[in-house]
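Report on one structure; see the data block that follows.
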Amino acid sequence: MGGGGFVDGGPLKRAHLYEYKITGYFIFACIVAALGGSLFGYDLGVSGLQVLLDNSRNLTHTLVSGGVTSMDDFLKDFFPKVYRRKQEHLNETDYCKYDSQILTLFTSSLYFAALFSTFGASHVTRNKGRRASILVGSVSFFLGAVLNAAAVNISMLIIGRIFLGVGIGFGNQAVPLYLSEMAPAKVRGAVNQLFQLTTCLGILIANLINYGTEKIHPWGWRLSLGLATVPATLMFIGGLFLPETPNSLVEQGRLEEGRRVLEKVRGTTKVDAEFADLVDASNAAQAVKHPFKNLLKRKNRPQLVIGALGIPAFQQLTGMNSILFYAPVIFQSLGFGSGASLYSSVITSGALVAGALISMALVDKFGRRAFFLEAGAEMLCYMVNNTSSCKSVNSF
């Protein structure tokens with residue numbers, strides 16, 4: 001938890017005494033905060049490079065493209081060499097046609113900016129509150145979307161991507177923490193999954209928008225990039241009315257205000273037990289003078305290596321993002337026709353949304369560990385099956 005929070009900083013000694021109601025105020029706060037996931041998801045869907053291969057009759061060419069980086073109008077304006085290679089049908093794979101360091105910089109600059117901005121976001125989230133980081137993230141993402149949509153040169157594109165990355169860095173840092181701290185303990189897993197759900201919905205919506213705007217010449221790509229301002233605007237306007245989390249207020253020493261917000265969010269004045277746990281957790285967190293040094297102590301190394309570093313790293317190394325980005329190629333090899341890009345986008349994005357909904361419905365009943373083990377076993381079976389299928393095809 002990079003924001004300095006203490007949701008799970010220690011045992012909830014009085015959890016059995018917690019009382020709450022699902023109030024409209026709580027629902028509003030969660031919906032607005034969860035929009036942070038849609039920023040990340042929309043960008044993944046709208047700018048991703050997706051290329052299809054058609055090897056029939058020994059020809060290799062692009063059938064249908066995915067993100068704006070493969071739209072002809074976009075390439076003509078900013079990457080004419082890539083466009084010419086794409087149109088000349090050279091005897092090379094489509095991936096080679098997109099071989100451009102500047103194009104790679106356009107795509108990757110966002111992720112570098114998001115990575116480095118996380119450190120600043122951590123400071124803001126801890127000292128100024130989760131709401132402040134959400135507002136900063138929405139403003140930065142809005143500016144990036146405007147710059148990208150109005151871009152007339154590569155510099156504007158790159159600067160816009162950097163602003164988008166900063167927005168994602170702040171949003172991804174603060175939103176999951178905000179949702180966790182606002183949620184009642186008994187439904188925290190489901191509420192926290194709202195971030196994943198909106199991320200998946202953002203990818204799905206962006207893919208559908210790209211499919212439509214690609215047919216709008218010559219400015220369809222500008223519309224795709226510019227529509228990213230919509231979730232950013234909603235997130236900022238809603239963020240102005242968001243309450244700070246009770247955890248953050250207690251952490252800042254604003255105890256009376258923290259209790260008032262907790263009563264309003266829970267819909268009851270009977271919050272003595274939960275508030276006492278928040279105060280105890282805050283005191284325990286503040287008693288740790290050097291938190292990063294404390295992480296390196298022998299007793300904390302397993303949690304650091306396995307929980308904080310290992311699980312997230314291996315989750316990414318499963319290749320799930322490769323499947324998401326290059327799904328069109330996979331679907332094309334399975335026999336889909338010229339609509340493979342749309343089919344694959346809808347199927348993969350729809351599966352992500354369905355998975356998030358199932359997780360939301362069941363995670364608090366079966367627990368996080370059960371879902372983690374089930375997902376790992378499921379992916380292992382699929383990978384073994386795919387490996388066997390590939391060997392069979394190659395032998396044939």
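Keep in mind that glycine also has a Cβ here, set from the backbone N, Cα and C atoms.
Annotation comment: TrEMBL describes 29-396 as domain 'Major facilitator superfamily (MFS) profile'.
Annotated transmembrane segment per TrEMBL: 22-42 (among others), in sequence order.
Annotation comment: TrEMBL describes 102-121 (among others) as transmembrane segment.
Marked as transmembrane segment by TrEMBL: 133-152 (among others). Long-range Cβ contacts of the transmembrane segment (133-152) within its own chain (Cβ-Cβ under 8 Å, at least 6 residues beyond either end) map to 3, 33, 36, 39, 78, 121, 124-125, 159-171, 173-175, 178, 222-223, 225-229, 232-233, 235-236, 239-240, 242.
Within the same chain, residues 1-3, 5, 7, 30, 33-34, 36-37, 39-40, 43, 105-107, 109-118, 120-122, 124-125, 130-131, 133-134, 136-148, 151, 191-192, 194-195, 225, 228, 232, 235, 245 sit at least 6 positions outside the transmembrane segment (158-179) and bring their C-beta atoms closer than 8 Å to a C-beta of that stretch. Summarising the annotation, TrEMBL assigns transmembrane segment to 158-179 (among others).
Outside the transmembrane segment (191-209), and at least 6 residues removed from its termini, the chain residues within Cβ reach (under 8 Å) are 30-31, 33-46, 66, 175-176, 179-180, 182-183, 223-224, 227, 231, 324, 342, 345-346, 349-350, 352-353, 355-357, 359-360, 363. According to TrEMBL, the feature transmembrane segment maps to 191-209 (among others).
Annotation source TrEMBL lists transmembrane segment at 221-242 (among others).
Sequence annotations record features per position, and here TrEMBL assigns transmembrane segment to 304-330 (among others).
Under the heading transmembrane segment, TrEMBL lists 342-363 (among others).
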